[in-house]
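Novice: Take this structure, written in structure tokens, and hold onto it; I'll ask about it next.
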Amino acid sequence: MKKHTLLILCLCCVLIAKGENGYDLWLRYKPVGNKTLLQSYRENITTIITSGSSATMDIVKNELSTGLQGLLQTTIDHGAAVNRHGAIIAGTPRSSPLISNAGIAIPLQQAGEEGFVILSKILNGKRCILISGNTEKGVLYGTFHFLRLLQTEQSIQQLNIISAPKIRLRMLDHWDNPDRTVERGYAGFSIWNWHTLPGYIDQRYIDYARANASIGINGTVVTNVNANAVVLTQPYLEKVKALADVLRPYGIKIYLTARFSAPMEIGGLKTADPLDASVQHWWQEKIKEIYTYVPDFGGFLVKANSEGQPGPQDYKRTHADGANMLADAIAPFKGIVIWRAFVYSNENPLDRHKQAYDDFVPLDGTFRPNVLVQVKNGAIDFMPREPFHPLFGAMPKTPLMMEFQVTQEYLGQGTSLVFLAPLFKETLESDTYSKGKGSTVAKVIDGSLEHHPLTGMAGVANIGNDINWCGHPFAQANWYALGRLAWDHTISSEQIADEWLRMTYSNNPRFLKAASRLMLESRDIIVQYSNPIGLHHIMGTSHHYGPAPWVNNQQRPEWNPVYYHKADSGGIGFNRTATGSNALAQYQPAAREQWENMQTCDEKYLLWFHHVPWNFRMKSGKSLWEELCYQYYTGAERAGKMQDTWKSLQPFVDKQRFEQVNMLLKIQHTEAIWWRNACILYFQTFSKMPIPASYEQPGKTLEYYKSLRFPFAPGI
Ligand SMILES: CO[C@H]1[C@H](O)[C@@H](O)[C@H](O)O[C@@H]1C(=O)O
């Protein structure tokens, strides 16, 4: 080999190896591969003109420089005047005369406070692209959107984009503890290093803010809902201030979780009763103190009277009493209170499904205007598939905020490729019928159904200090999806997968076709091999990893899988109709109708709502038992095929990320077989029916699966 060929080869290797560990997320800015497009991009992008001097505008400027340099492989000049074709002009009408004189007042009006416009214009007889918003934050979002167009190889001729977020608070909830453990985290330890804050600003904080801004996330709760009052003490507030200062230029507000008993734990009071004057005073003073550190502090997220957390009910007060006390104290600073509706206790032994509705619906109309009630997508708990929460549509006078779980607590945790956009969309598009047909969950939470100005969507973060942030390389797509859907819930899962794959891996059409199918089918596959036909909550207790439908030894009945599947010799499933727990009554009649009757119930939710005989005839013509076997076996088989699909994509993926996904898919397949065998063998003890002979029979016994202890992956 000639010397210079070798040199070029080495250089290529270095280039390829750099950044292939996934740290850059979807902001890789790799050279545009399509030569014709590259040529046209270069012709249309020759100068960057930014205006206004602020930390946010510096970010805009840098992002355009690095992004364009990476994508176009050429340095783009910065300028001040339009004297040739191809100026990219970024700024607000206030700071940029070029923009204020460009005649774009009407589109800007539609962009609102946080939105942006990206418009092709002729200025001074030259072709230009304007990226503008009414605020610098809008310009920042527009900048990332513009770069995304190039990253995903879209045309930039005749741009006429006006985009405004449909939801006001677009947030990540970190379940991160002060000792850096992350509850339900599968990507290492917390990225927040309380030990070295406030003196040391980890580059990760900046990169985190940038990634969030690129998808429109504008709020973050940095502490766990199972809260520790220590975060409200003065040394921690200094640390919180340091983080807030990093996040602010990226348009992100910081929020904290408030432990309801904090006045006692760190304030020395005898009570935390929300109607007690000394408690109210304590919170007022504490909040005043917080705002001296963080003048734009977002507010509190509160988990109260749930899973052992303290709350107003400890003093015979209601959730509204608790939320309103905090809301009143924080209102003078324009802060908000996000009060969680994830409540259940053993006082509701019949059906945990019903408690949030029972506790919260009577309180509708009694919350202060700066309170949002945050509701999980379903009534049980982030299951692989769950009908929408009956609270959506049932509290018209209260703004309800969506809580999705991005971390995959019940969906394979750190080992499984599961793209969650289809799950999120399934909930958002569900019809509550609360104001007639078309009253979707999306319209409840974006405020359009009941005209609420305060709206929100949060995702429980899947971020940790792993080199690639999320553990599984494909888990990044779920962070991405949350942000994109919070901005615009009408975007399809297909589009989100396509964008993410193009930016993260490759624009090659062959790659995209197979890889997007892999993503789009993945959620259905995990439902099939773990919780088919409406089964739910049959995983290992406490760690929630792997199957354990047999568990019946927890002190709290509603923590036991047997409580949920109710398998017996007569059948399987939870009767939530009028003859059972009647949780169905919490839905509008028109919504209820799709599930009420066992014969016509949407089979995705059959065992969620009905206790069904083993020989019940399914729509496929199979008996329920045969269908259950079919679903488990098909799911596991499809999980196996995911490996083949990925292997076929090797030519398009760098070595490191290819191997990572490859190894994880192998583990996932093992887990799928584990789920299948363990569940089928266990349920067979009730059905007493054979596993159809056409299927490979489990090689291990039920006793073997029962004996497995976390975290051992089974030999199968
Ligand atoms: C933070 O606690 C979590 C808990 O770990 C989790 O298993 C359960 O799903 O939900 C709780 C909640 O959402 O509050």
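Positions of Cβ are set from backbone N, Cα and C atoms, glycine also.
According to TrEMBL:
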- GLU307: active site, proton donor (ACT_SITE)
- ASP381: active site, proton acceptor (ACT_SITE)
- GLU409: active site, proton acceptor (ACT_SITE)
- 25-146: domain 'Alpha glucuronidase N-terminal' (DOMAIN)
- 150-469: domain 'Glycosyl hydrolase family 67 catalytic' (DOMAIN)
- 470-694: domain 'Glycosyl hydrolase family 67 C-terminal' (DOMAIN)
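Tell me about the surroundings of these features in the structure.
Specialist: Every protein chain shown contributes to the tally, and the Cβ of GLU307 (active site, proton donor) ends up with 13 other Cβ atoms within 10 Å.
A sphere of 10 angstroms centred on the C-beta of ASP381 (active site, proton acceptor) encloses 17 other C-beta atoms. Under DSSP, ASP381 (active site, proton acceptor) is assigned to coil, being neither helix nor strand in the three-state scheme.
Around GLU409 (active site, proton acceptor), the same-chain residues at least 6 positions away in sequence with a Cβ under 8 Å from its Cβ are ARG184, PHE382, HIS544.
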Novice: Using the alpha carbons only, what distance in Å do you get between GLU307 (active site, proton donor) and ASP381 (active site, proton acceptor) once rounded?
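Specialist: ASP381 (active site, proton acceptor) has its Cα 12 Å from the Cα of GLU307 (active site, proton donor).
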Novice: Within the domain 'Alpha glucuronidase N-terminal' (25-146), how many residues are helix, strand or coil going by DSSP?
Specialist: 50 helix, 26 strand, 46 coil
Novice: In DSSP terms, helix, strand or coil for GLU307 (active site, proton donor)?
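Specialist: DSSP call for GLU307 (active site, proton donor): coil, neither helix nor strand.
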